[in-house]
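*Asks:* Could you have a look at this structure, given as structure tokens, before my questions?
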Amino acid sequence: MALSRIIKPNQILFKSTKLIPPNSSLLHSCKSPLFFPSNQRRPICAKHRNDNFLSSDQINISNAFISILIKHPFSPNNPELNNLVPLLTHKIVESVLNNLKNWRLAQQFFTWVSSLPGYKHNIYTYNAMASILSRARQNAQLKALALDVVDSNCSMNPGALGFFIRCLGSVGLVDEANNLFDQVKRIGLCVPNSYSYNCLLEALSKSNLIDLVETRLKEMRNLGLEFDKYTLTPVLQVYCIAGQFDKALSVLNEMLERGWVDEHVLSILVVAFSKWGEVDKAIELIDRMEERGMRLNEKTFYVLIHGFVKESRMDKALCLFDKIRKLGFCRSVSLFDVMIGGLCKNNEREKALSLYSEMKELGIDPDFGILTKLISSFSEEEEEMDRLLQQCWEYVGSQPKNLLFNSVLEGLVRNGSIDTACNLIQSVMGNNRNGGSVLVKYFLNEKEVVTLNTNSFTSVINGLLGAGKVDMALSLFREMVQFGCNPTLSHYNDLIDALCKLNRLEESYELLRQMKEMGLEPTHFTHNCIFGCLCRLEDVEGAVELVRKMRFYGHEPWIKYSTLLVKNLCKHEKAVEACKFLTDMAQEGFLPDIITYSAAVNGLIKIKSVDKGLELFQEICSRGYCPDVISYNILIKALCKAKRVAEAEGLLNDMMLKGLVPSEVTYNYLIDGWCKNGEIDRAMLCLSKMFGKEREANVITYATLVDGLCNFGRPDDALKLWDEMGRKGCIPNRIAYHTLVNGLCKCGRSSAALVHFNEMKEKEMRPDSYIYIALISAFLSDTNLPCVLDMLKEMVDVGNLPDPLDKNFPIIRGAICKLLEDARTSFSIKHLIAEGKIPDVSLLEGAE
């Protein structure tokens, strides 16, 4: 929804009445007496202090205390301090605290004064100390001070309470602020007013505590306290932070109707639009603000630009950047850095260069970060790179040339010019004087020779590995070592990882050996790269041997590779070897997880060893493993397939005793098993259990039961179940229709089968050939030859007529013979034969 539809000419910028109705307990309608009139404004005070100024004597006493405190280390036994003690008053203590720059010294003075006989701090001295601690962000001390102000039964006025609350909120001590508010109210130390509540709401809004904000608003309403713009501004802010768009707009409408909207309020909403991803609305709102003589402050512009750059909305970031220029705000190096970095990331190089030129015109010296962003954004388009280097070279001193060179390499790699990067680094090494062409002239200057370091090689090696050029990366790695640059652990790990993914095991081991010779210890990642390669190669002995070495280093093999090895072995019918591997792993102290064991159980089952699978399953249970539903499903499926359904149901009961909830798949396996065993009633009972456990039967469940009921000669029950499936919102698919039509045909219900066959076609589900065969067989049994003819014609039209060599073709041949014999259908069949659409069965019989 565009802002033009929301913003009205009468200055009501937003209108939202859906989420917060006029009689809401949080906000009142326009006529509510709890709102201040629009002309009644009240700023939030920064600090509450005594109205009277200090007298000249008090000022002198205060200065004397300060002089003593800052000249000597604090000592409570200092005779100069003790001489001034009789002159101490609350005003003097407050003045001393406010003029001490060191928070530790201020706290020492505050604590010392509180220990003096006959002296007790009042709320203004507490507030002075709270202000000092909050500015210094000393949260622990500020928490203790909040407890002390309550324990001391210090009475306070609402303004002083609000000030202390704001000190707590400014450093994020929201819970402490909320608790202090409740305690002083409960004990009777203060009766909070609207200002006190406003300060609390301000603190709460910074921590996204929506429920608590709304609770406090209700309290204010129940107490008859008036709302003002400082009440609703934190409410707007908390809804914006939480992304509750409609509630935020509703609060804004209330503020607009009262004339409480200013630049600060709209800035909150603009930033919120940006965070919600509503970039266009944020820009439109800024334009509307300007039309009404409002504008964002410099800080908000900077926040928005950072947000737009982060979202890669450089068009909007540039728009705001232009506004900053027109408004005369300062454009700092950091802002240019953000903008140029974002443009480089978006490959908008010309715009980035334009901003760079603007920087120079304004006399802003670019820092090295900006230069490297620009340089690294260019690829092998050497003219652009050359032009940029010419512009930048004079701004770069001799010292950062190496960093600039590395940035060029990073830019070439990032933009896919890996070969150019390789040629350039080879040229600087002296191996290829012709490589890198125009770039070489900068970095092979006799006066300013670039010294290669490890970082120079790293980006190129990583780029080669990322491009799959492993051999080139290895070659450059070796040249780096020969050149005298020390390889890092990261280099070895990246190369070993790349080689292992290509199953180049021997080379990986060689790099591991070199790595150790360099004094670099293999990491968890190093070993697991090689372990993964061994598992992919199904090298069981090698994998176990490496695991022994890993145990020495305290490295644990990754489960995903153990599982992969077990699955691969089982896939190649080596389930016994898989089980031995798991045993060896356990003996080394690395217990596989249930997923790995389940893979082994599944492997044993696939080589027709269900009992072995059960045995392993029971063994892992005895070791304290808790099999999951998937593990049970593997065995239940196998037992049902082996027609051992009673045992499978026993496993179902076992898993439920262990607190596991069977899935729809679990019940489907059992239902299918009972159906294939011919025990349809037990299958139906299983469906009832399924519903009892609040598991929804799916289309597979119903199709399986429909098939079972039809096979058992109960088509009426099958049709009832089919209707029940529809009532429960389970939509039958093509396979379910096939099952029903085929089952009804087998039960001699050809008419009902035809009805569902046509229904299936109406839903644009194409029937398979065998469904036509089933219907033709059923119609032949009913001697319904016209329907047989219709089915045969439809098969011809859709191209589903089986080949004469197909196993189902005898049924078609028999149907054609019957149709030729009947006067009602013989003419149509002869016509189809003459057109060559169906074979002449007499010729086929002759051929046989």
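Here the Cβ of each residue, glycine as well, is placed from N, Cα and C on the backbone.
Pulled these features from TrEMBL for this protein:
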- 176-338: domain 'PROP1-like PPR' (DOMAIN)
- 193-227: repeat 'PPR' (REPEAT)
- 228-262: repeat 'PPR' (REPEAT)
- 297-331: repeat 'PPR' (REPEAT)
- 332-366: repeat 'PPR' (REPEAT)
- 453-487: repeat 'PPR' (REPEAT)
- 488-522: repeat 'PPR' (REPEAT)
- 523-557: repeat 'PPR' (REPEAT)
- 593-627: repeat 'PPR' (REPEAT)
- 628-662: repeat 'PPR' (REPEAT)
- 663-697: repeat 'PPR' (REPEAT)
- 698-732: repeat 'PPR' (REPEAT)
- 733-767: repeat 'PPR' (REPEAT)
*Asks:* Treating G and I as helix alongside H, and B as strand alongside E, what does DSSP give for the repeat 'PPR' (663-697) in helix, strand and coil?
*Replies:* 26 helix, 0 strand, 9 coil
*Asks:* Short question: which residues 6 or more past the ends of the repeat 'PPR' (628-662) have a Cβ under 8 Å from it?
*Replies:* 594-595, 597-598, 601-602, 605, 610, 613-614, 617, 669-670, 672-674, 676-677, 679, 682, 686, 693, 695
*Asks:* Which whole number is the mean pLDDT over the repeat 'PPR' (663-697)?
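*Replies:* So the average pLDDT across the repeat 'PPR' (663-697) works out to 87.
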*Asks:* Could you count the residues of the repeat 'PPR' (628-662) that DSSP puts in helix, in strand and in coil?
*Replies:* 26 helix, 0 strand, 9 coil
*Asks:* What is the number of residues in the repeat 'PPR' (332-366) that are helix, strand and coil, as DSSP sees it?
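*Replies:* DSSP composition of the repeat 'PPR' (332-366): 26 helix, 0 strand, 9 coil.
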